Amino acid sequence: MNALRRHWPRIVITLLPVLLALAHATGAWRLSVLDHLDHLIYDTRLRATMPGTLDPRIVIVDVDDASLARQGQWPWARDKLARLTRELTGRQQAAVLGFDVMFVEPDRSSGLDKLRQIARGPLRDMPGLAAEIERVAPSLDNDAIFAKALDGQRVALGYYFTRTEKPGAKGQLPAAPLLLPEAFPADHGYATAWNGFGANLPVLAAAAPASGFLNTLVSSSDEGIIRTVPLIARYEGDRGRPGYYESLGLAVYRLATGTPPVLPAFASGGAVPRLQSLIVGGLRLPVDTTASMQVPFRGPGGANGGSFRYVPATDVLEGRLAPGELKGRIVLVGATAPGLQDLRATPVGAAFPGVEVHANVVSAMLDRRLLAVPDYAPGYEVLNVLAAGLVLALGLTLLPAPRAVVLGIVTVVVLVGVNAWLYRSHSLVLPLASALAMAALAFISNMGWGYFIEARARRGLARLFGTYVPPELVDEMLVTPGRYSMRAESKNMTVMFCDMREFTRLSEQMTPAELQAFLNTLFNRLTSVISAHRGTVDKYMGDCVMAFWGAPIDTPEHATLAVRAALEMAEAVRDINKLHVADGRPQISVGIGINSGVMSVGDMGSAARRSYTVVGDAVNLAARLEGLSAHYGVEIVASGVTRELAPGFLWQELDSVLVKGKAQAVAVFTPLGPSTSPQTGAAQQHAEQLHRWAGVLDAYRRQDWAAGRNLLDPLLAADAKKVLYQLYAQRLASMALRPYDPEWDGATRFETK
């Protein structure tokens, strides 16, 4: 919870794209850019999953440039189209024939109308002329010839619907609509409504068993690209029966499958029933709110597209195909010649033959390869945005930058992967753009916040701590800068004071420049040791260095690191002394005091001068312990608390002391080195010496002065120069002159700092 409170501005910034995406997903504020992105995703996915194989069941007879060159300009005479029809339905034995062509105007190419005008005009007095013209009229009536070729064949003609302020109607609609208005529950705008049409001549409409409209709806949001085609359309005009009429693709499919009935199916639930699908025999065709189906294009389109076989119309008319070569095929007649303007923009091609759009519709129905936008698509979109948004809002905010990048990538991969799996495995078309855009914006806004806002905080952190904390620790802090501040807090830590002894005498023997160089060398060595052990340099006070462990970075092993640093600092001073001896300069020594406990750490000081430091009784005790080092003749004096927290060393107890300002005595120790270090001699020898020394202290505290002296003498004999042993020898001698005191606690009192 603390992390959430600390990062709430960043979480809010990350949630803003989530709210924007939710507004789009719920329809509260549709964003055209996201609709466009969804279309791009759909188009890309469609192209990536196209079968790319030839459907041998469907053949396109193409009015191409070669056909126009050999057969003349379009439109062709209807007797030529009659020959084409007879060739396809007779000699070629095509199963179904569909015309992606409209025959709205009568064919006057034979001159029959002109002959009749002449017979009624200038030559009206010529005996028998009018009768002779009417006798040969059937052979000159190309529309009747074409109608005769259509009669009795499984042929579907095309026509188109219009919607204008002044409805216009040409030709004749099919005798009966596919579905009457009564098939739908009230008028809730099912399918697209039209009030006019351009249909085929009545003689042709009556001869063909089926007709289908050619309209392909392209809304303003589709960027002029055909992704869906309507299967039914609603006619509301007064020239023909009102009702729902079928498209050319649906009409051809029904002719090919025995003309099954069509029934609308509605989604359950909701105040207004929603058209969900059209049931054609045993086939359920998913549709959208305009009664349109998604077109699952097979390939890029055209004669070289590889999806359908293209046969030039002139080859059929000239009999270049072997008899029965198209037997059992569904044949669609259409035009690809550029001048005939039947090329459309689709997801798979910018100049896609219109006739092949219908071919893809029929092919998808035959294969039952149908894409659906399910009723729950809006809910899926909302759930996607919410789930991914919450994950990113929390993850991007709380995780370090490398892991946040991984989380962002994984989130996008999951979103795309699930969406692609539903598309491939279940043919479901579900929105993805809002979730992807949200993820991208959330990532950018979060990283931007991190770069522009938190980077400034990081730089401030580096300025605040850089002079106190080792660079590698500053780098570690920069990973999660929000966890660190200069605000004071109480922490369990270890503090050290390191003071140079006899500094005054040394300084009197040096020039200011020499003293400066000496102190810089000494402090550089000591500071590098402190930094190497993750310590924080508090301050330099003349010839004294103060440092602490456990802040600003939590360090559970703070006591161990401090003791290890103290031992290395003492060794560093000995190395410096070797150089001093070689140069003829006086040697130096240091006293180090270490204590562990609860202390306050933070930015403290005046408005003019502040520093990141520690204060408290535990700090004061460490300063007192440093002052005792010379008294006991050791370099390092540590409290019993530090000894308990740093068990990996050999410890020698020095005394129980009561320093100025403390009401209770504390045990003090000195570390001899790591417990496994070979530099301290044989482990057995150390164990024996420490055991004997423990006996000395025990006898001393029991006021058994003689026993203490007996235990101390062998230690003095082994190391007569050791100040600690000399000190206790003097104490035992003086104490032996005193009577037994039952109130004595064995502690040594120090009244000075």
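Each Cβ is built from the backbone N, Cα and C atoms, and glycine gets one as well.
Note on the transmembrane segment (404-423): residues 45, 49, 371, 384, 388, 391-392, 395-396, 429-430, 432, 435-436, 439, 443, 446-447 of its chain, located 6 or more positions outside it, place their CB under 8 angstroms from a CB of the stretch. Positions annotated as transmembrane segment by TrEMBL: 404-423 (among others).
Long-range Cβ contacts of the transmembrane segment (429-453) within its own chain (Cβ-Cβ under 8 Å, at least 6 residues beyond either end) map to 9-10, 13-18, 20-21, 24-25, 34-35, 37-38, 41-42, 294, 371-374, 377, 380-381, 384-385, 388-389, 392-393, 396-397, 401, 404, 408, 411-412, 415-416, 419, 422-423. The transmembrane segment annotation in TrEMBL covers 429-453 (among others).
Residues annotated as domain 'Guanylate cyclase' in TrEMBL: 494-626.
Predicted-model confidence for the domain 'Guanylate cyclase' (494-626) is 88, expressed as mean pLDDT.
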